[in-house]
Amino acid sequence: MPTPNQKRDMPVVGMAITAAWLMLFVGYIALNQDKVHDLEPNEVGDFLSGAFAPLAFLWLVLGFFQQGQELRNSSEALQMQGRELQQSVEQQRELVEVTREQLKFESDRLQSERQQAERSAQPLLNLSPGMSMSSGSTITKKYFEMKNYGNECTRVHIRGDEISTKKDRLSRGETCDFSIVLNGRDSLETLVTVSYLDGQFNPQEKNYLITLEDQKFAVKEVPLTR
């Protein structure tokens, strides 16, 4: 099978062979003029067809190989385009994956910063029993102290059964006090709700359960019920 270089030289080879063949043909005619003149018209046709048939066959073969090479080149070009397209798709896929990872990282970072900001904006409230007022051995009134150990909060409202205490601002280290009148009761279970605006001015609530048993007060934060 001819090599690619040989196939590229085929037109040149064909023209060279054609030129040589024509020179031989013209030389033959020149040397045999008398015989050629004596030929009948149909014999001239047969002579010319026989003389040029090898050239026609030569160019047919050369054209076949040339067309095959062009088809092969076209096929290779299509394959190369296919590979380039596949590489482009792979690159785009990798780019999309990198972009997705970057967006996820940025989203996670922003979410973490937002959560950190929300935590930093919250007060740390601690409700504890304070001093008592008694009549004999009976506690008649009990004071409670709400102290803030965290970020400042505003519009504080402490409410419950017969309890309603408000404070515009509760900074770190400050307290907000309220009292419960017992009226001779030796046991108690009451829910106190504390509402406020945090450092980001978002409304928040906490619930505390206050109990009295055996003249001992206990305070426990309880989950909010929606």
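Even glycines carry a Cβ here, placed using N, Cα and C.
Marked as transmembrane segment by TrEMBL: 12-31 (among others).
Feature annotation from TrEMBL assigns transmembrane segment to 47-65 (among others).
Per TrEMBL, compositional bias 'Basic and acidic residues' is recorded for 107-117.
The region 'Disordered' feature in TrEMBL is assigned to 107-133. DSSP places the residues of the region 'Disordered' (107-133) in helix, strand and coil in these numbers: 14 helix, 9 strand, 4 coil.
Look at TrEMBL and you will find 123-133 tagged as compositional bias 'Polar residues'. Through the fold, the compositional bias 'Polar residues' (123-133) approaches residues 139-153, 170, 172, 177, 192, 194, 196, 198-199, 206, 208, 217, 219, 221 of its own chain, all at least 6 residues removed from its boundaries and within a Cβ separation under 8 Å.
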